[in-house]
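Enquirer: Attaching a single structure in structure tokens format; questions to follow.
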Amino acid sequence: MPLAEKLDRKLRPADDSSDGEDYYEVTDRSSSESILETANANKDDASDDERVKSQMSKVSFGALAKAQDALSKQQSADRKRKRGEDTSKSQDDKLEALRERLRQIKAEKMANGAAGAKPKKKSEGTKKGKVIQDEDDEDDDEEDVDSDNSDTEAAPKARSSKHAPMVQSSKRMVSRKRKVVDVKKPVFRDPRFDNMGGAAPDDNTLGNRYSFLNDYRASEIAELRRTIKKSKNEGEKERLKKQLLSMESQQKARENKEKHQEVIREHKKKEKELVKQGKQPFFLKKSEQKKLALIDRFQNMKSKQLDKVIERRRKKVTSKERRNMPERRTA
């Protein structure tokens with residue numbers, strides 16, 4: 001018997017009392033029956049628990065895991081459904097309130113238009129201001145509705161065609177670095193290489209002006225040769241030899257260039273004399289200039305030098321032909 005039923009018993013005073021004091025007796029006579037019923041219920045519960053335990057002991061762990069997964073999925077789906085219902089309800093309430101506000105504004109606008117069908121000229125400005133203000137309020141409300149709709153509909157607007165150009169705003173953000181006053185950028189000029197001081201001198205003029213450099217280079221080459229002979233360190237000697245070879249090759253290249261220029265100058269002198277005689281000027285191509293320089297070089301060579309140059313040239317040509325020769329096909 002539960003505790004509440006035990007406490008919910010009625011008491012009344014006894015009729016026969018010899019000593020004038022009030023005694024009370026319990027009028028609830030169903031206590032013994034309720035106690036028996038609760039004992040039987042406890043026995044049934046214990047037997048049910050034992051039956052459930054015996055059944056659970058026979059269930060496999062795989063079935064229990066599947067049941068647990070199904071319950072967890074169902075609980076998560078219920079939570080999502082409740083959350084979605086709450087958000088949709090709140091959004092519907094907001095939209096409904098905004099629609100109601102728009103209806104009221106339109107009704108007020110219609111009422112103002114009907115009342116002011118025959119207005120005076122003085123009140124036209126004030127009514128126009130009111131109408132503009134109402135329109136602004138309506139636009140604001142429409143913007144709010146559009147913003148809510150944009151929140152609900154997150155999908156972007158699709159283009160009319162996949163070949164159509166992309167839509168881009170023409171509004172550009174102004175940079176913080178602005179030119180208030182245009183200042184000319186300073187231009188640095190070197191008078192040696194600038195045409196403002198006159199035309200640039202040609203190679204002959206430069207060679208005549210800086211001809212003393214050739215004497216300096218010749219003295220450096222002689223000094224290098226003396227240091228190579230005196231030095232005993234092999235590493236230092238190899239480095240000096242490389243430097244000497246580089247300087248000698250540069251000197252030879254300058255001499256060849258000077259000879260080439262000398263041949264061209266001789267040809268120009270001859271052409272000037274022929275032009276004075278009334279003949280048409282003839283300008284050599286670069287290939288013809290190279291041929292004349294090569295002929296002059298071979299004519300000024302000695303026999304031994306000429307043989308060496310011819311042998312070197314022959315080896316170069318044969319190696320080039322050997323490279324271009326096709327390889328032999330093998331099975």
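Counting begins at 1 with the first residue displayed.
Using the three backbone atoms N, Cα and C, a Cβ is placed for every residue, glycine included.
The structure displayed is predicted, hence computed values, not measured ones.
OK, Swiss-Prot features for this one:
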COMPBIAS  1-15  compositional bias 'Basic and acidic residues'
REGION    1-207  region 'Disordered'
COMPBIAS  16-25  compositional bias 'Acidic residues'
COMPBIAS  32-41  compositional bias 'Polar residues'
COMPBIAS  42-53  compositional bias 'Basic and acidic residues'
COILED    82-112  coiled coil
COMPBIAS  83-109  compositional bias 'Basic and acidic residues'
COMPBIAS  122-133  compositional bias 'Basic and acidic residues'
COMPBIAS  134-151  compositional bias 'Acidic residues'
COMPBIAS  180-193  compositional bias 'Basic and acidic residues'
COILED    218-277  coiled coil
REGION    247-272  region 'Disordered'
COMPBIAS  251-272  compositional bias 'Basic and acidic residues'
REGION    303-331  region 'Disordered'
COMPBIAS  318-331  compositional bias 'Basic and acidic residues'
Enquirer: Mind tallying the compositional bias 'Basic and acidic residues' (180-193) by DSSP state, helix then strand then coil?
Expert: 0 helix, 0 strand, 14 coil
Enquirer: Do you know the DSSP helix, strand and coil residue counts for the region 'Disordered' (303-331)?
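Expert: Going by DSSP assignments, the region 'Disordered' (303-331) contains 22 helix, 0 strand, 7 coil.
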Enquirer: Pop the mean pLDDT for the coiled coil (82-112) in here, whole number is fine.
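Expert: Looking only at the coiled coil (82-112), pLDDT averages out to 80.
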Enquirer: Per DSSP, what is the residue tally for the compositional bias 'Basic and acidic residues' (251-272) in helix, strand and coil?
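Expert: For the compositional bias 'Basic and acidic residues' (251-272), the helix, strand and coil counts are 22 helix, 0 strand, 0 coil.
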